[in-house]
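A quick write-up on the structure given underneath.
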Amino acid sequence: MKGDPFPVENPSWTNIVPLLSFQKTLEIYSVELSGTKNIEQTDKGNGKEKYRGLKNCFEPKKNHRKEELRKELDLDDHKLSIKELEKKYGTNIITGLSSTQAAELLAQNGPNALTPPKETPEIIKFLKQMVGGFSILLWIGAILCWIAFGIQYSMNTTSSLDNVYLGCVLALVVILTGIFAYYQEAKSTNVMATFNKMIPQQALVIRDSEKKTIPADQLVVGDIVEIKGGDRIPADIRLLSVQGCKVDNSSLTGESEPQPRSSEFTHDSPLETKNIGFYSTTCLEGTATGMVINTGDRTVIGQIASLASGVGNEKTPIAIEIQHFVHIVAGVAVSIGILFFIIAVSLKYQVLDSIIFLIGIIVANVPEGLLATVTVTLSLTAKRLAKKNCLVKNLEAVETLGSTSIICSDKTGTLTQNRMTVAHLWFDNQIFIADTSEDHSNQVFDQSSGTWASLSKIITLCNRAEFRPGQESVPIMKRVVVGDASETALLKFSEVILGDVMEIRKRNHKVAEIPFNSTNKFQLSVHKTDDPNDKRFLMVMKGAPERILEKCSTIMVNGQEQPLDKNTAEAFHTAYMELGGLGERVLGFCHLYLPADEFPETYTFDVDTMNFPTSNLCFVGLLSMIDPPRSTVPDAVTKCRSAGIKVIMVTGDHPITAKAIAKSVGIISANSETVEDIAKRLHIAVEQVNKRDAKAAVVTGMELKDMSPEQLDELLTNYPEIVFARTSPQQKLIIVEGCQRQNAVVAVTGDGVNDSPALKKADIGIAMGIAGSDAAKNAADMILLDDNFASIVTGVEEGRLIFDNLKKTIAYTLTKNIAELCPFLIYIIVGLPLPIGTITILFIDLGTDIIPSIALAYEKAESDIMNRKPRHKKKDRLVNQQLAMYSYLHIGLMQAVGAFVVYFTVYAQEGFKPSVLINIRVEWENSNVNDLEDSYGQQWTLYQRKYLEWMGYTAFFVGIMVQQIADLIIRKTRRNSIFQQGLFRNKVIWVGIASQIIIALILSYGLGSVTALSFTMLRPQYWFVAVPFAILIWVYDEVRKLFIRLYPGSWWDKNMYY
Amino acid sequence: MTKKEKKSFNQSLAEWKLFIYNPTTGEFLGRTAKSWGLTVFPKPLTALEYSFTVSDPRSYQGYIEDLRKFLKPYDLEEQKNLTACPDGALFEQKGPVYGACQFPVALLQACSGVDDPEFGYSIGNPCVLVKMNRIIGLKPQGEPRIECISKSENTAALSTYPPNGLIDLKYFPYYGKKLHVSYLQPLVAVQVSFNATSSTVNEVTVECKIDGSPNLKNQDDRDKFLGRVVFKVTARA
C-alpha cells in the first residue's frame, strides 16, 4: 500500500521504487505476482493473515468466552510425536481404541456433534405470539367480559349473553392473529437449516484393530480415522500419515485455495500447522489417517459456532419501531380507558357498566388487524425480494435493509465475478485492454501482429488447465475447468480468441513439461510444432515477469526478434509497474525454437537434468489478470452513494488489488485520494500529509490490529471511503462493532464460518447463496442467491419503500380509531344510545380495513427513495408525532364527525332527533319502558329501540367505511398530489376499496338477521350520507400536501408531514 | 334466536324479499317494520306485576294516581275541542290542520274512574289500561280489537271496555306530535274480577293481544311487546 505496487523480489528494482521502504508491506507483497502458482502463494499469505487475525480478534476482548476460546486454541497436539499422542489419548495408531474405551469416552464427553443453538421450544414461541403486541390488552378485555357476565349472571340468571359473545370474539381475535403470526414466523425461520447440516454422516474408524464405519457422532478422542478425497473431516484430527491430501479450509478461514496437508509439524499455531485437519472442512483429494483430538463443541468450528451464538442478535429496527408504536397505542388505550372508567364511575354508572365501557374503549383503540397486516406486508416484500435473488430469512430484515447506512461488503464474489480474467496484455511495447465483462465477447485489441501469434501460442500451450469434457454446448465462460484460477483464465481467454484450444494442443504435441514450483517460479513445456515443414521443437515458458525477463536475451517486437536492450527493458519495467499498480497479477511469456540440429526429432528431453537451454530465450509479452468487478456493481455503488449509504470494502485480499477494485467499482471515487496517494503526488512523507485532505483510506488488518476502538471510530467517521484489506473474517466483527458505535445500521456480507459472528452482530447479516457456508447462511438474516452486490441495493430500495408504505398503512389504520373511540366517550358523557358496538368495531378492524391496508404495500415510491439519506434510527420513527396527530386529530376527528352525522341522520329519520337523544340512555336501555316516545310522538318498545340501535351501529359502520375509502386514497401519498401519483397505478388499492364495499354490503344485507353480529339492513340512502365527508377528507389532504410542496421547511411542512 | 337459525333457506329468502319491499306496509328496504307495541297502565314498579292489598289503600294509591294522571287528557273537559269522528272508518286527513278524534272516557265504563275513582282496586277488581303505541301513518285493517285471556285457570273473570276490546279505526292514522295536536290514543281497559273473593291471595296472569287486524302482528320472537302484553295481578284481601 505505501503507494507502490511493486512486489518485486529482485532487490535491484527497489531503486526505481523510492517509496518502497515500508518493510512490513514489502514482506507481505513479496509472495505476490511471482509466478503462475502465485494464487496459491498469495492465498497462503492470506491464510496466515487470517490466522493471525483470528487470534487478534480473540485477544483484546474482555469477553470471557473469547478468552476461553483463545486458551482452548493453545492446543499442542500438533507438536507432539505420535508416541506422545498415543500416550496422551491412551490409544494405539495400529489397533485404535477398544470398543469399551470408546464407549466410556463417549459417555464421558458426549457425542461428536455441535450443540444446536438453544432453540426456543415451539410452544413458548406460540405463547409469545399469544401475549405479544396488543394481545395482552385484548386478553384483559376478554377476561373482563367474562367477569362482567359472571357478575350479571349471579345477579340475574336470564342476563344476556352479549358479554360472553364479545369475550369469545376478543379471545378468538387474539388466538387467530397469534396463530397467523406464529405461522408466518415459523415459515420464515425454517428457510435454513442449522449447523447440524455440516456434520458428516459416517466415519471410517479403526477400533479393536478393525476398520469400521460408524456414525460420525460416535467418534471419541483417540479414535484413529481414515479420510479420503470428498469426505468431510469428521472431527479435529491430528494427521498421522498423509498421501497427497488437500483440504478446503474456506469455511473456517476464508481461504479459497486447497490447502496441502502433511503429517509434519510445520507451525507453532495449531491453525497454521499442516498436520491438523479441522472438523467440518472437506478433504478435496488424497487420503490421510489421523487421530481424533477434539470432538463436538470442543472442535475449533464448535468454538466458533458457540462464539456466534454468544453474539447477541440485535433487535431489528422495525421491531423496535413496532414496539414503540404498540407502546404508544396501548398507552393511549389504557389511559383513556382508565380515565373514562373513573369518569363513568363518578357519573354514577354502575361499575359493571363502566367495565363494559372500558372494554369498548380498549377495543376501539387497539388496531387489532394491524400487526397481521404488517406481517403480510413484510412477507409480500420478502417474496418480491426473493424474485430478485434476496432470500429473507427474518421478515423484519426487509425493513432493516432499507434503513442500512453502512454496508460492509466482501470483495471476492460479491463485488467481483470471483474468477480470474485476463485484463491487459503488453506486447510490441503497447498495453492492450482485454474485455473483462461477464461474457468476454468483445475482444477488440489488435491481433494482427506476429507477436500476438507467438504469444497466443505460448498462452495456449504452456497451460495445464483443461475443460471438463462434454461441455461443447455450454458458453465458454461458464464451462467447468480443471486447473487453477490463473490457468483457467488463460485457457478461457485463448479459447474465446483462438477457438478449440484442446485441438491446438493436440496438433502441437507436448514432449516435456516442468510444472510450476515456487523455487523456479516458472512453468515450461516443449512441443512439436504443427508446422510440418518446421522440425524444430518449440519451448514455451511463462512465469513471474522478472524471472522470465532474466532468462531472455531477445524480445519480439512486431513479430521480429530484437536484442533486449536497456530501452526495451525500461519499457518492460514501465508496463509491469503500470499493470501491477492496477492490482493485477502479471505473468511474463517467452519462447525458444530449439535448433533442429542439436535437438533432432528423436531427442529425449529430461526434465530432471534439464538437458535443454533455459536462458537466452525470446521475451514475447506480458499478460495481467484480475478478478474483475461484476458489471452491475459500479451502478449499484453509485446508487448506494446517492442513497447516503457508505460502502466499506472488507477483504482478505491484497491492499493494491482491493484498492484497484474499490476504484473500479466506485467505492473509492475517481478523484479521491488516500493519504499515501497524496504523499506520493507531493513527494512528501506520509506523516506530513494533512489527513483531512484524504477522503479515502486503505487499512490493512495489521494496522487495524494495532488500533484502539477510539482510533477505529475516528477512522470510520473521518473517511467517507474506506477499504479494509488483508483482514481476517474475525476482524469484520470489530469493524461491524465500530460502525455500530457510530449509530449506523450496518449490513454485512459474508460467506465463511468465521464470518458468522459478524453476520450475527450486524444489523443485517447477508450470506452468499452460492459461496456461503451453511454456518454463514444460518447466522445471516438474508441470503443473496446470486452473490451479487447489486441485489443488496435492490433490497435497500424495497426496504425503504416498505418503511414508507408501512407508515401509510399505520396512518390509515390509526385514523378510524378516533371514529371508533368517540362513540364510547360521547355515550358515557352525553348519554346517547350507543352509536357503535364493540363487535361492529372488530368488523372494521379485522374486516373492511384489512385488504386496503395491505394494498398500501403495493404503492409505488413517491419520489426517488434512493436519493435520500437512510433514516436515522432514533429520529425518523415509523410512527411519529405528526403521523399520530394528523391521523387522530385531523382526519380521525373528521371521520368521527362524518360518522356521527350518519348516525344522527338515521336516528332522526327513524324518529329520534338529536335533541331528544341527549341523556336518553337510561330510559333507552330500560327494559321496563316499552313506550318510549320519540320526537314525533311515536312510541317504541324495547326491542324496536334495540333494533334501531343496531341500525345505528350499521350506519356508523358504513359511515366509517365510506370515509375510510377516502382515507385509503389520500394515504397513497404523503407529499405528492394523488393525481401526480396516479389514481389507478396501484390496482390493488381498488381491490381494497371493492373489498370494503362488498364486505359492508354482505354484513348489512347478508348477515343483517344474525343477532349476535348486530348488523341490520340499511336503507340505501344512508350509505351516501358520509360521502360529502369523504370528499372533504380528500380535499383537506390535497390542500395539506399542496402547502407542504409549496412551502418546504415551513411550519406547515414540519407539522403536517408525517 | 334458535328458531331464527333453524329457518329454512326459502324462509330467509322470503323474508329478504319482504325486506326489499313489503307490500302490506308499503315499506321499502327496511324501515323498521313498525307495528303496535302494547303497553299497560298504571306503570308497575317491578316488571309488569301489579300487587296490592285490598284492605290497605296505601298499597294501591300509586296505581290510582298513575291512572288518574294518565286519564287526565281524556277528561270530557279536555276533549271539548276535539272532533267527534264517524265510527268504524279511518280518519284520514289532508291537513294543514289535523283534527283529533274524541275518546270519551265513558267508553271505559267501570274503569273510567268516573263512577269508581278507585278504579276497582278498593273492591279487589282492579282495572288495567292497555294502550297501543303511537305510530305515524299506521292504518290498521279489519276490525282491530284487544283480546285478553287469563293464563291461569279460571281464577278470574276478565272484562274489557269498550266491549269486546274494540278499537275504532277512526283513531287512525296518527300524524305525529306536531301536526296531530291533542291526539288521544285509543285505550282498552281490562278489569280483573276474582271469582273466589274469599281466598286471601288471588293471582292471575293476563295476556292481551291485538286481534282482528291482518296487518297488525301479535307474535314476534324477539319483541315481547309487539301486539301483545302479559302482566300479572296479585290481590291480597
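Each residue, glycine too, has its Cβ placed from N, Cα and C.
Pulled from TrEMBL:
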- A:250-263: compositional bias 'Polar residues' (COMPBIAS)
- A:76-150: domain 'Cation-transporting P-type ATPase N-terminal' (DOMAIN)
- A:250-269: region 'Disordered' (REGION)
- A:131-152: transmembrane segment (TRANSMEM)
- A:164-183: transmembrane segment (TRANSMEM)
- A:325-349: transmembrane segment (TRANSMEM)
- A:355-378: transmembrane segment (TRANSMEM)
- A:883-906: transmembrane segment (TRANSMEM)
- A:950-969: transmembrane segment (TRANSMEM)
- A:989-1008: transmembrane segment (TRANSMEM)
- A:1020-1036: transmembrane segment (TRANSMEM)
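On the 0 to 100 pLDDT scale, the model's mean across the domain 'Cation-transporting P-type ATPase N-terminal' (A:76-150) is 83. If one looks beyond the transmembrane segment (A:355-378) by at least 6 residues along the same chain, the residues whose Cβ comes under 8 Å of a Cβ in the stretch are 133-134, 137-138, 140-141, 144-145, 147-148, 163, 166, 170, 173, 177, 180-181, 184, 318, 322, 326, 329-330, 332-334, 336-338, 340-341, 344, 349, 395-396, 398-399, 802, 805-806, 809-810, 813-814, 817, 820-821, 823-825, 827-828, 838, 841-842, 845-846, 849-850, 853-854, 856-857. Remark: secondary structure over the domain 'Cation-transporting P-type ATPase N-terminal' (A:76-150) totals 45 helix, 1 strand, 29 coil, with classes taken from DSSP.
Beyond the ends of the transmembrane segment (A:131-152), by six or more residues, the same chain brings 159-161, 163-164, 166-168, 170-171, 173-174, 177-178, 181, 322, 326, 329-330, 333-334, 352, 355-356, 358-359, 362-363, 366-368, 371 to within a C-beta distance below 8 angstroms of the stretch. Listed by sequence, the residues of this chain that lie at least six past the ends of the transmembrane segment (A:1020-1036) yet keep a Cβ under 8 A from its Cβ atoms are 890-891, 894-895, 897-899, 901-902, 905-906, 909, 955, 958-960, 962-963, 965-967, 969-970, 978.
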